[in-house]
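Listed features, source TrEMBL:
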DOMAIN    8-144  domain 'Lactate/malate dehydrogenase N-terminal'
BINDING   G12, A13, G14, G15, Q16, I17, G18, N106, V130, G131, N132  NAD(+) binding site
BINDING   R93, R99, N132, R164  substrate binding site
DOMAIN    158-336  domain 'Lactate/malate dehydrogenase C-terminal'
ACT_SITE  H189  active site, proton acceptor
Amino acid sequence: MVRDATTITLTGAGGQIGYALLFRIAAGEMLGTDRPVRLRLLEIPQGLRAAEGAALELQDGAFPLLKDVEVTDDARVGFDGADIALLVGARPRGPGMERADLLAANAGIFGPQGRAIAEAAAPGIRAVVVGNPANTNALLAAAAAAPEIPTERFSALTRLDHNRAVAQIAGVLDVSPAAVDGLIVWGNHSATQFPDVAHARVRMPDGERPVLDALAERFGGVDAAHTWLDETFLPRVARRGAEIIEVRGSSSVASAAHAVIQHVRDEQLGTDGRRTSAAIVSHGEYGIPEGLVCSMPVVSPGVSGSDGGYRAVEGLALDDRGRSLLQTSVDELVAERAAVRDLGGR
């Protein structure tokens, strides 16, 4: 049976992350090899030529699943009939730019995009925000799209942080990343994020066990394991983006694109009960203020029309240390929301 094509709109399509995404989507890595796609490449006028070049390459790839490619700088056209929106394009922080300036610049991008999604997208649209500050940009877009589009349809990417944390644990325990399960990234996609291994488990050669137990064995005791977590693991994951910029000379591209592929695939096709991390709109879970876009543990049954998608996993215990680290990140998100409201955002 031939399935209807899924329309995917990518903003910032002429940029590096967009370029890294497009060919993997066209090859079926995001939605599967039985699901045709139509790609809408949305750019600002200055980025149109790069997006048009990518569109030519997509045509030259002769991808069997790719039904159509359209390039535009009109948000209403770009989001027309979109089933999935990948909001990658954002204003980067420039020299001397204060946080308030960055929030103001991005409010002028994500607010109008949210309104265009409400006016033009398919009824079951799902949108993920990648452009930073991702959590608050998602909040802006979701607020602008409401009430036509439920806020739960918007999420922000913290899968890259999740992957970075998993990779660090796998590396120190000398196992495959696939052997690590149940890790959680809480909070903001920023240096205040809290990668949490309290509920994580790992498959070792001699059997499965809690990650904390495996770390205690690796470092010679529980105290030593906690010291490594606090002094090495947490800051390494939180500052990994800055480390890559310092070493590579530019920000993460391929790993970010890979995380977007995973985030959308898991939401659309389902996680089979396996927890992952995503920033979703809070309904008060874990004491997180309602309405914040905050990373937390999630699962998805898959998406069918307007139903399904990411949902919070509730009932996991947080100790005093964990609650304190989460609260620090939540406080930052609250401050960002207040700054946006001061700018006239909802």
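Glycine is no exception: its Cβ is also placed from the backbone N, Cα and C atoms.
Bear in mind that TrEMBL entries carry predicted annotations, made automatically and left uncurated.
Feature map: annotations from TrEMBL on the structure.
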{"residue": "G12", "record": "NAD(+) binding site", "DSSP class": "coil"}
{"residue": "G18", "record": "NAD(+) binding site", "DSSP class": "helix"}
{"residue": "R93", "record": "substrate binding site", "DSSP class": "coil"}
{"residue": "R99", "record": "substrate binding site", "DSSP class": "helix"}
{"residue": "V130", "record": "NAD(+) binding site", "DSSP class": "coil"}
{"residue": "R164", "record": "substrate binding site", "DSSP class": "helix"}
{"residue": "H189", "record": "active site, proton acceptor", "DSSP class": "coil"}
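Nearest Cα neighbour of R93 (substrate binding site) among the listed binding-site residues (G12, G14, G18, V130, N132): N132. Neighbour density around each Cβ, counted as other Cβ atoms within 10 Å, peaks among the binding-site residues Q16, N132 at N132. The binding-site residues G12, G14, Q16, G18, R99, R164 include none with a CA atom within 10 A of the CA of H189 (active site, proton acceptor). Cβ-based neighbour count (10 Å, all protein chains) for G18 (NAD(+) binding site) stands at 26. Long-range neighbours of V130 (NAD(+) binding site) (same chain, six or more residues apart, CB within less than 8 Å of its CB): I17, L86, L87, V88, A90, A156, L157, A256, V260. Cα spacing between G18 (NAD(+) binding site) and R164 (substrate binding site): 20 Å, rounded to the nearest whole number.
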